[in-house]
Amino acid sequence: MTTQYTAKAGRDVEVFIPLKGRPTPNVTWRRGDRNIAGDNRYTINSTERSTTLLIPKVTRDDCGKYLLEIENGVGEPKIVTVSLKVLDSPSTCQKLIVKNVTRGKLTLSWEAPLIDGGSPVTNYIVEKKASTMKAFQAITSECANTTYKVTGLEEDVAYFFRVSAENEFGVGDTCETAEPVRATETPGGVKDLVMLDSTKTSVTLQWTKPDHDGGSHITEYIIEKRTEEDSTWTLGATCRRCTCEVKGLKENAIMDFRVFAKNEKGTGDFSQIGPIIVKDFIIPPEASLVDYPNGELAVRIGQNIHIELPFKGKPRPTISWLKDNQPLKESDRIRFRTTDNKTAVTVRGAKKEHAGQYTLVLDNRTIKNYFDINVITLGPPSVPVGPIRFDEIKAQSIIISWDQPKDDGGSEISCYSVEKRETSHANWKLVCSSVVRTTFKIPNLVKGTAYQFRVRAENKFGVSEALTSPEVIAQHQYKPPGAPGKPVAYNVTSDGMTIKWEAPEFDGGSPILGYHVEKKDRNSLLWQKVNSTIISNREYRIIGLMEGLEYSFRVYAENNAGLSPVSEQSKHALAISPVDSVTLQWDVPKRDGGCKIVAYSVERRQGRGKWLRCNFTDISETQFTVTGLSPGDRFEFRVIARNAVGTISPPSNASAYIMTKDEIAPEIEWSPDQILTLRAGENVRLGCTITGRPVPQVLWYKDGKEIDKRTMIDIEITTGIGTSSLFIRDADRNHRGIYTVEAKNNSGTKKAEVNVRVQDTPGPVEGPIRFTGITVIDSTKSSITLEWTKPVFDGGMEIIGYNIDMCKASLEEWHRVNRQICIHTKYTAKGLVPGELYKFRVSAVNGSGEGEASVMASPVQALDRLTSPEIDIGADFKQTHIVKNGGIVTLHVAFRGKPAPLATWSRADGELPVYSTDEWDDNRWLKCNYTTITENYFTITNLGEGDTYEYRVIAKNAAGVQSAPSEITGPVTCKDEYCKHEVTLVRDLA
């Protein structure tokens, strides 16, 4: 008999219980204390032998225990318990409540469903909806507990919430809040509570709104008061604004006040002010400068200066204005205007002299206050401060410098423009219009020529007047060079060492001729010169040193002007040959302490450090090799003896210093942040880290050629120990290429290279400009055709076209010929005056702008150019032509000339029936044509079959000038293989 039943929701459940008893037992089905026989939900069928309970389409509400009671009057009644488990979604959650409500947040809490649907609840689904909306929105579907904190709620919106449980069979019914809930709280305290005014019977208070209103609108503000004698707070006033006057107070009473904000949740925290004496309040005169940050006003020259300041004060103050501490009076240009709470001054058409300090004076007889506004007039800067200084004068360049203008016009100086002129010329030429510093190098000067320079400052409002320099002649002015770099010693041995150094940053205007080296040991006071002849390189090996002494060195440079100051002296270096390992030998002690010496210990000391043991096992002999020494350091060694009874001797005297080898091949690593592709005018910065021992020698190359600072003055190279860098200011197309840095020492050589790309305007087009045709259009116009090749350098960007300029050779006034950019390397200039001499120049254009122009070497005249006729006989013309009698033969002759020549053919034995074609027959030439031949071919007819002919061509131009006859064709025989009784001659009209 089955008493445990499990069924899925929606299915029928039939409970069958067999019966046995006599008389037939009476059957009663109950669920709890309720008899279910009368419930239409259930169907009960009972017989003598069994009873059946049918529950149709079970739900979660049908689960539980069912009791079957059987009795027939004999014995005690029997009860059978039947359990029914229905697999369904959970029932409704219980007791959904809202708690812990704050601004924008609240917490939901509920109890688990009474019926879990035959499966444990896995999670809860929490939903919300605004009271004005119809649909719920899910907040979370993964809540594992029976509480959930809801955040992000809008403060002015009322919400309904509902919760449903979920198990493996689905989601149960929802449990919903009965009333909408707002996520609000009491408001915060009011801020900035101040006394605004007071009289003999009232006090006016002012405040600002709380930082938060608790999520609900503030309905009113409550002001409470108390006197100094009475500690009880009483209501003073209520209001809806942030200003309130509390009336009905006693004169000279000492009062405290506090203000509450109130919303639908109640009153918030209060803000208190006091003690306040109830009397007529004197407000010091004040003006608000909030509209003038930092107390400044900037005005363009020519515009109006308008200063307007709100003010207050009690009693009402009198108003006056000052300009630079002097009274400002009203005039046609200056106007004043004052209202109850504002005062203003206006200056029409501002000039530079109107800049300065404007002061508002407020005076209420008890207090006088001053409020300053600094007016800045915006316009072009003043002239740069001179005089122009000549920092470096050379034959081809001069470095000038100046000082910034005293007045920047109210805007940062953006750049300077530099111009030059030869003193023998009146015209100024622009050198550079974008100088960003107060120094500039003017290149491309003519040696021995006198120049003047002028500088203008520029800001965003305009350009200043020019500062002009005195005359200066472009010629070398030598000075002794600067001090060389600090020497560095490497490749040290017992009797010598090599030093290297950097060239001086300033060569004195004259190339460095060489260097001199001096040495000094640590214990000496005098420097000794090392070299007998001048040293041309920046590296030198000093020999003849004494082993064991420490030496330092210094260097000075020499140019045509003399010797430089000495460099900083190098670090002291010990003259000792480096080793990889050290083998030590010693003698046995003179006394053994009465017992045999059984072991020795060797110790080492690095510099002035601690003594460390070198051996890990006892040494039985009087010799030991020490290995594992760090490279590039110096060491001392000592020995300790031990006898058979364990007595240890004092340490021996320390050995002399021994230097270990320090050799590592160079390595180069480029800086990760360097930019290799840049635009013209930007700076090139290349840097790298160089390691190696001894310190490697560093060289820089451009496109495989070593960079020489004396010739490549625009490239700055800085090399220190471990680093080297290259800097180019205002790069242009000439600075593009492969840059290579090379580091080398005794252990090897290392190179690294980078490709620097500079995007610049194109270079000049390749000349010379060639003329491919000059033609006269009519009696008033002529044309000249120019042709050129592409520039060698395209500026790092594709060439998009060319511009062509021309001028009359007698005027030198250039003007642009082409209206649209020319995309080909050929152009015809039209509209020229016949017979006039013209010059032309061509410049290429890319995305960065227009490049330098290539100027035609010599002027050209606009006129027709005549060339005498010329004939070019090809190999086909010279061969023997065999033509059938009566056939056709074609002869081709190329000729040229300007104007186009007139061609005449003739024959050797007489004239041909046509003009200008010659035929050789019977030892004389005959003309073949009687009309002018304008094509480069001609057909000769009426020839005799089997006859042999030769032909030639003569060209003739419109002036009647004939050329010499062309070369003769080979013999031509008229046969059937070719044509019938005719020959065609072909000529070239080139």
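Including glycine, each Cβ sits where the backbone N, Cα and C put it.
According to TrEMBL, the protein has these features:
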- 89-187: domain 'Fibronectin type-III' (DOMAIN)
- 189-281: domain 'Fibronectin type-III' (DOMAIN)
- 285-377: domain 'Ig-like' (DOMAIN)
- 384-477: domain 'Fibronectin type-III' (DOMAIN)
- 483-579: domain 'Fibronectin type-III' (DOMAIN)
- 580-663: domain 'Fibronectin type-III' (DOMAIN)
- 666-757: domain 'Ig-like' (DOMAIN)
- 770-865: domain 'Fibronectin type-III' (DOMAIN)
- 887-977: domain 'Fibronectin type-III' (DOMAIN)
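Summarising model confidence by region, the domain 'Fibronectin type-III' (770-865) averages a pLDDT of 78.
Here the domain 'Fibronectin type-III' (580-663) has, by DSSP, the following mix of helix, strand and coil residues: 0 helix, 36 strand, 48 coil.
The DSSP breakdown of the domain 'Ig-like' (666-757), given as helix, strand and coil counts, is 3 helix, 57 strand, 32 coil.
Here the domain 'Fibronectin type-III' (384-477) has, by DSSP, the following mix of helix, strand and coil residues: 0 helix, 50 strand, 44 coil. Residue counts for the domain 'Fibronectin type-III' (770-865) under DSSP (helix as H, G, I; strand as E, B; rest coil) come to 0 helix, 52 strand, 44 coil. In the domain 'Fibronectin type-III' (189-281), helix, strand and coil residues by DSSP number 0 helix, 54 strand, 39 coil.
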